[in-house]
2 protein chains.
Amino acid sequence: MYNKRSLTNLANLSKEEIKKFIDSFDVLLTDCDGVLWLENQVYDGSPQALNSLRDLGKKIFFVTNNSTRHRDEFLKKAQKMGFTCEKEEIMTTSYLAANYLKEINFDKKVYVVGSKGITSELEEVNIKYSPIGPDILDCDLMTYIENVKLDPDVGAVVVGFDQHISYPKMLKAASYLNDPNCHFVATNTDERFPIGIGGIVKPGSGAVVRSIETCAERKPFVIGKPETYITEAIKKCCNIDPKRTLMIGDRCNTDILLGTRCGYQTLLVLSGVTNLEDVRKWKESDKKEYQDLVPDFYLGKLGDLLTLIN
Amino acid sequence: MYNKRSLTNLANLSKEEIKKFIDSFDVLLTDCDGVLWLENQVYDGSPQALNSLRDLGKKIFFVTNNSTRHRDEFLKKAQKMGFTCEKEEIMTTSYLAANYLKEINFDKKVYVVGSKGITSELEEVNIKYSPIGPDILDCDLMTYIENVKLDPDVGAVVVGFDQHISYPKMLKAASYLNDPNCHFVATNTDERFPIGIGGIVKPGSGAVVRSIETCAERKPFVIGKPETYITEAIKKCCNIDPKRTLMIGDRCNTDILLGTRCGYQTLLVLSGVTNLEDVRKWKESDKKEYQDLVPDFYLGKLGDLLTLIN
């Protein structure tokens with residue numbers, strides 16, 4: 001029953017099987033947007049479901065590719081929505097990007113293409129950074145290029161979600177990265193956010209990162225899922241037995257793939273990006289890259305777990 | 001001597017061998033930036049060299065991935081620099097993008113992420129388009145998303161070089177492209193322009209295109225080199241015998257690769273992006289993808305050909 005990539009619907013399991021499933025993990029990593037909430041809207045029943053698992057003694061980590069908030073803001077949001085949560089349990093890519101630079105004893109300045117989520121985490125580890133926000137082309141491009149000043153103190157470029165992405169930012173980032181000693185860190189490469197009302201596509205960090213890696217002609221060190229740096233950070237504060245760890249997510253090419261890569265059990269909830277039809281196609285494929293996207297379990301939404309537990 | 005990918009230095013050939021080389025082609029496709037000029041600076045001797053080949057009866061096409069100028073502007077620039085040139089010989093990616101839409105009888109409106117080079121060519125074939133220029137985020141992102149209006153007449157997105165690339169443009173392009181019936185055309189995917197003074201990297205169309213294809217989760221139809229649409233267009237106005245056609249360029253992953261793909265002879269000039277050291281590495285590789293980048297011939301700069309011919 002618990003074969004890897006069995007794509008078992010948790011809702012179809014017997015009471016006894018559910019108990020066996022719940023008993024099979026000690027540590028739980030959960031994605032947030034699309035699993036616990038959608039932007040500022042909490043999903044019905046998800047706080048109760050997660051809190052129940054905590055009451056059963058599970059160690060919980062909130063693992064998000066979102067780089068736009070400091071952990072304190074994140075904590076406040078989660079608690080306000082009804083989740084029991086501690087700061088140490090929150091693994092955002094902005095926190096981890098700052099953490100990564102601290103680990104390598106980085107002592108220069110960071111050129112940030114991103115938001116306050118990143119700069120506030122850099123501040124917390126005493127790393128200097130360039131100003132963020134709008135940086136638009138307000139003159140002829142040739143004039144701009146002739147007059148642009150690069151900051152000689154910059155030794156790293158960190159790229160995340162930036163709603164003020166612009167040509168001057170791309171130009172500066174790529175120019176700094178032309179020095180092979182300049183570090184290049186990306187928070188995550190999510191293509192887009194879950195599509196909301198009106199069919200409007202909200203581009204994700206991935207669109208910003210790809211533009212910069214293209215003109216920089218370099219690949220960044222990527223912090224976020226499906227890359228596994230995030231789990232290295234968790235291992236430092238918590239013993240993890242991969243087989244007794246569950247990764248919950250709504251997106252197979254980030255959450256589930258991370259779980260597969262780390263040898264965790266995986267649970268897909270259908271309240272976000274990935275739909276079951278796609279997963280079934282991947283399950284039929286004989287390519288490893290598709291097989292790696294297939295979760296062990298799925299469920300309509302996290303809140304449904306509450307009924308199953310009780 | 002003329003074996004494919006021989007990487008022969010034209011400057012080392014005897015008078016007789018040069019004559020044989022010149023006699024070996026009837027049609028010549030030349031890249032512009034990095035071969036004939038760098039931005040607004042003509043390269044010494046290149047007009048004379050190209051005009052000499054024309055005098056010898058060669059049919060010449062100016063084949064550029066640049067999408068920022070209308071052919072008329074381009075013609076004026078080339079003629080002012082001393083090149084003999086006719087409008088019909090100029091193949092810009094903006095002209096070809098407009099031409100492509102005309103060929104498929106496109107009758108809706110184009111959302112353009114690009115410059116006047118594109119819109120002026122669309123005008124010439126009577127295709128409607130959205131306004132270009134700055135389109136910045138001037139409010140909170142959620143407010144923007146709630147209020148953004150998509151134009152129901154848009155049926156294609158054309159992306160080229162856009163120094164006013166912004167998050168709202170990425171969002172609109174990706175939202176239009178969420179309709180699978182919306183055409184997606186990119187002028188070219190050049191990563192960056194040749195690096196000029198001060199180590200400033202000037203991002204190319206490729207950085208803009210990659211950002212949009214990432215959040216659109218779709219690949220565009222690419223007009224420019226190394227894709228071969230450009231040669232389809234040339235074939236319509238000129239008989240081409242691939243073996244008797246020469247492609248000249250400064251960039252192996254666009255110019256030379258196009259030549260290889262089409263079975264043309266290829267000549268790399270070292271006055272632009274690609275350096276000889278890289279080419280020699282590729283020549284030693286046993287991978288086809290690297291071999292395809294290796295030209296038959298190379299030369300310091302196009303102007304040197306003049307001395308060799310005379």
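Just so it is clear, glycine is given a Cβ too, placed from its N, Cα and C backbone atoms.
According to TrEMBL, A:ASP31, A:ASP33 bind Mg(2+); the candidate from A:ASP190, A:ASP241, A:ASP250 that the record adds to this site is A:ASP250. If you measure from the Cα atom of A:ASP33 (active site, proton donor) to that of A:LYS225 (substrate binding site), you get 13 Å. In this structure, of the recorded positions A:ASP33, A:ASP250, the smallest number of CB atoms within 10 A of the CB marks A:ASP33. Looking only at other Cβ atoms within 10 Å, the busiest spot among the recorded positions A:ASP31, A:LYS225 turns out to be A:LYS225. In this structure the C-alpha atoms belonging to A:ASP31 (active site, nucleophile) and A:LYS225 (substrate binding site) are separated by 10 Å. Same-chain neighbours of the Mg(2+) site beyond A:ASP31, A:ASP33, A:ASP250, judged by a C-beta within 8 angstroms of the site's C-beta center, are, in sequence order, A:CYS32, A:GLY34, A:VAL35, A:LEU36, A:THR64, A:PRO194, A:GLY249, A:ARG251, A:ASP255, A:VAL269, A:GLY272, A:VAL273.
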